[in-house]
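Undergrad: According to TrEMBL, the feature signal peptide maps to 1-19. The annotation transmembrane segment is assigned in TrEMBL to 29-49, 70-96, 116-138, 145-166, 178-195, 202-219, 231-247, 259-277, 283-304.
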Amino acid sequence: LKMFSLGSWLPALPGLVWGWALLDALLQGLVGACAVSVLCSLLKVYLYIQCLNHPERQAQKEAIQAQRQVLEPLHVVVLTGVLALVGSRVAALVVLEFSLRAVSTILSLGKGAHSSQLYLLCQYSLGCGVSCSLSFLLEGAPHGTCNLVLAAGLAGLLAAYARRLARHVCTLYELHSGARYCGVCILLLTAGHGIPRLLRNALVITFAVADLAAVALINRDFLSTAEAVRFWTPLTICYTLLVIYMQEEPRQSSGGRPVYQTVLVRMGGLFILLLTVGRWSDVLHIFISLLGELWCLLRASVLLEACRQQ
């Protein structure tokens, strides 16, 4: 297979492996981006129905309805590139950080409560989690690229159907739910309130697998237990401080600004940590991750506002 290897004649770049590995990274990023697209489409359906059921939220309903569907493919393409460029080490750290933050947030919400905003905040972490899981599960597989092609095809199909559902709901749900002659709209009318529970169960399974994959991907770089301890000790301290900050921040301020502010704080904490115990390529990947986080939040700004008003 050396005749097909681009790495034999192209220069090596940090964080980017040429040849089949580059194709695998792009396919993993595409699957992760499609997973994010499905998440956003289903949340859009849920929040639109919720706004429609409350006349005082008419402005939010119109804002969700006015979102341009043509920008969704661009969002998938950009996120695919970001996830392909981010190294598995930084992606694993992002997954572990969000998992710890999510557990802390869920425990603080109280029994039986759920937060749709948390689902939107996990977009980039979800993409990293899917990418990490695929990288770990298919490591050393003889037909890994073929498996990724099939996974990307299935993920793209699911994302396309989810976008089509969101477009149908935003255009025709108000008419069809009243006339009661559309099977999809009738199903959403009776069972649409269960969308958050469906997303919660899917995300729990996804992040459980991603956390195991993330720990394995990080530990494979260590040659001894002492080296692993030198990395995990400051990482644990950093994550603990970040979680404490995440719990205190909503009490001190409100509105959309803290969402972006906490992204900068989290990525800044990981940046300082990797300056001391990481590699120089990890620092570059932190900046790429910051762009990915901000891109996802900007794209979902209308949905975030609807969640805050819920």
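Including glycine, each Cβ sits where the backbone N, Cα and C put it.
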Undergrad: Quick one: find which recorded stretch in 29-49, 116-138, 202-219, 231-247, 259-277 has the most Cβ pairs under 8 Å with the transmembrane segment (178-195).
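TA: Stretch with maximum Cβ contacts: 29-49.
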Undergrad: Would you mind listing the long-range same-chain contacts of the transmembrane segment (70-96), meaning Cβ under 8 Å and 6+ residues beyond its ends?
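TA: Tertiary neighbours of the transmembrane segment (70-96) are 15-16, 22, 25-26, 28-30, 32-34, 36-37, 124-125, 127-129, 131-132, 135, 159, 163, 207, 210-211, 213-215, 217-218, 221, 235, 239, 270, 274, 278-279, 281-282, 285-286, 288-289, 291-292, 295-296, 299.
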Undergrad: Can you tell me which parts of the same chain pack against the transmembrane segment (259-277), counting only residues 6+ beyond its ends and a CB-CB cutoff under 8 A?
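TA: Result: 90, 93-94, 97, 121, 230-231, 234-235, 238, 241-242, 245-246, 249, 283, 286, 289-290, 293-294, 297, 304.
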Undergrad: Thinking of Cβ pairs under 8 Å, which stretch from 29-49, 116-138, 202-219, 231-247 has the most of them with the transmembrane segment (145-166)?
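TA: The stretch with the most contacts is 29-49.
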Undergrad: So what's near the transmembrane segment (231-247) in sequence-distant terms, Cβ-Cβ under 8 Å and 6+ beyond its ends?
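TA: That would be 93, 96-97, 100-101, 104-105, 108, 218, 222, 262, 265-266, 269-270, 272-273, 276-277.
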